[in-house]
Amino acid sequence: MHLPSLVLGLLGLGLTASASPIEERSNRSKAPDGCLTVGSSGKYSTIGAALDALGDSKSDACIFIGAGTYKEQITIDYKGKLTMYGETTDTSSYKKNQVTITHTISSPQAGTLDKSATVNVRSDGFKMYNINVINGYGKGSQAVALVANADKLGFYGCSFVGYQDTLYAKAGRQYYSNCYIEGATDYIFGNASAWFGECDIMSVGPGYITAMSRTTADQTTWYAIDNCNIYGKPGVDLTAKVYLGRPWRVLARVIYQNSQLSNIINPKGWTTMAEGATPLYYEYNNKGAGADTSKREYESSISGAVSMNTVLGSGWNSWIDTTY
């Protein structure tokens, strides 16, 4: 999503780094001022080592990761606001990202969904730019690429790849812009208030895109999928084999709006999971072969698109990078 420019400050590691603005550039081949560096020419050889170096500081900080594949499983629990940048030749999209973080383990093997995650975010105010995150386990079990379990999170030009339970938008307010999300079964799930703007969402097998877990009526959580492209893996016939979602918990709330829905979407649109569920499922102003709502089930009517204020609350432009 491209919004009017708003200058946001980003401090470096603290004692020696000066404040510098988030930069909108056609490429990012070197570290922004003040960032710790990871990679063959960086100070640290692993992302985990750079995270450890941040210690207990509460200052704003940033990490720049040079091109490469990093076989790591990382938890981000820094006490300050942290921004993580990946090297790329096109900052505006995930398509030319040169940094991949990958790990392979299923949830049963790890013990919990969170423990299976390649990247587990627990730090409020965290931002990630142009990084690919993969759980390589594949078909057969839940295996999470990203757990996003904090408030005011932003992911820009990132890629998240898995099969079942790829992206666990677990809790807090979250914003995904120009990202790629891949999976087959419940691959965007949880109970965050999450806005997905101008993302490519690709199913690689029959299944369900969302599995939202809103439980009680007083919870303000939503999944809003806005101006996104929903499609299937090239060469795989998924015609009418994918549902927009099913309710992991009884009051799931999801809207697809202003998006392109391909023929992979089943005419029924939505299906069931949680016993006794009365989900709030909406569609508004979508286009494409999968956008016909005449045979939809479990769907409620809505008179217009929902706003970012509705999903993320007032003041969202104080923590989202609106220059992106």
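Placement of Cβ uses the backbone N, Cα and C atoms for every residue, glycine included.
Residues or ranges marked as active site, proton donor by Swiss-Prot on the basis of sequence analysis: Asp165. Annotation source Swiss-Prot lists N-linked glycosylation site at Asn27, Asn191, citing sequence analysis. According to Swiss-Prot, the signal peptide annotation covers 1-19. Residues annotated as site 'Transition state stabilizer' in Swiss-Prot: Gln164.
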- line: Across the recorded positions (Asn27, Gln164, Asn191), the Cβ with the fewest other Cβ atoms inside 10 Å is that of Asn27
- prompt: How many whole Å apart are the CA atoms of Asn191 (N-linked glycosylation site) and Asn27 (N-linked glycosylation site)?
  reply: 34
- prompt: Are there residues of the same chain, six or more positions away from Asp165 (active site, proton donor), whose CB falls under 8 angstroms from its CB, and which are they?
  reply: Ser107, Leu113, Gln142, Ala143, Val144, Gly183, Thr185, Asp186, Tyr187, Phe189
Query: Any idea what the Cα distance is from Gln164 (site 'Transition state stabilizer') over to Asn27 (N-linked glycosylation site), rounded to a whole Å?
result: 32
